[in-house]
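Remarks on the structure that follows.
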Amino acid sequence: MARGCLCCLKYMMFLFNLIFWLCGCGLLGVGIWLSVSQGNFATFSPSFPSLSAANLVIAIGTIVMVTGFLGCLGAIKENKCLLLSFFIILLIILLAELILLILFFVYMDKVNENAKQDLKDGLLLYNTENNVGLKNAWNIIQAEMHCCGVTDYTDWYPVLGENTVPDRCCMENSQDCGHNSTSLVWKTGCYEKVKMWFDDNKHVLGTIGMCILIIQILGMAFSMTLFQQIHRTGKKYDA
């Protein structure tokens, strides 16, 4: 009976982590594709030049892959050391997520202030050499989200000159449409537009967050249950 429970738990744990590992592979693939095909699109922040969408997806995909692999191997080999490592990694990730979430809400005003200032500093690099990625990133978000600048279109004046904004700020994009024509440009800043997008999609994002939390808790529960079941059977393993 005990052996049957062990086998059942083992294969449930293996299947769970196989899906987890495949998700990591998918994220890693998407991140590499973004890095290769969209390599000229970079971050908006001069303080964190490596914090691009591609690098972020690659990092998350790698963590998920490694964690899933540990879980798969620990389950199929019935190795307590690997199962414990899997549990500890998930616990660390969960605690880190909770700490970051708490800090974000506690210091939300400070985060908003620093983020806006950092983005404005990034605008100064818009037409400089070796910053084509930053320029492309701003052009895309302004065209796609119908916004201009960080807080509003006047953020571009110290960068491009009085009454001048990038052409992608224009409601109807055409060459040099942003020169001395502020009446036909998007007035809302991109920072506010992004906040509005998050607010409009908060239910979807909350659901995704809850699903991730449930998956992490299930993974920890499966690993500890299997760990205890292996321990009870009295099997011996090499650490």
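Every residue gets a Cβ built from N, Cα and C, even glycine.
Copied over from Swiss-Prot, here are the features:
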CARBOHYD  ASN180  N-linked glycosylation site
TOPO_DOM  1-13  topological domain 'Cytoplasmic'
TOPO_DOM  35-55  topological domain 'Extracellular'
TOPO_DOM  77-85  topological domain 'Cytoplasmic'
TOPO_DOM  107-203  topological domain 'Extracellular'
TOPO_DOM  225-239  topological domain 'Cytoplasmic'
TRANSMEM  14-34  transmembrane segment
TRANSMEM  56-76  transmembrane segment
TRANSMEM  86-106  transmembrane segment
TRANSMEM  204-224  transmembrane segment
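Count of Cβ pairs under 8 Å against the transmembrane segment (86-106): among 14-34, 56-76, 204-224, the largest is for 204-224. Confidence for the topological domain 'Cytoplasmic' (225-239), expressed as mean pLDDT, is 68. When DSSP labels each residue, the topological domain 'Cytoplasmic' (77-85) comes out as 7 helix, 0 strand, 2 coil, counted as helix, strand and coil in that order.
Assigned with DSSP, the residues of the topological domain 'Extracellular' (107-203) fall into helix, strand and coil as follows: 57 helix, 6 strand, 34 coil.
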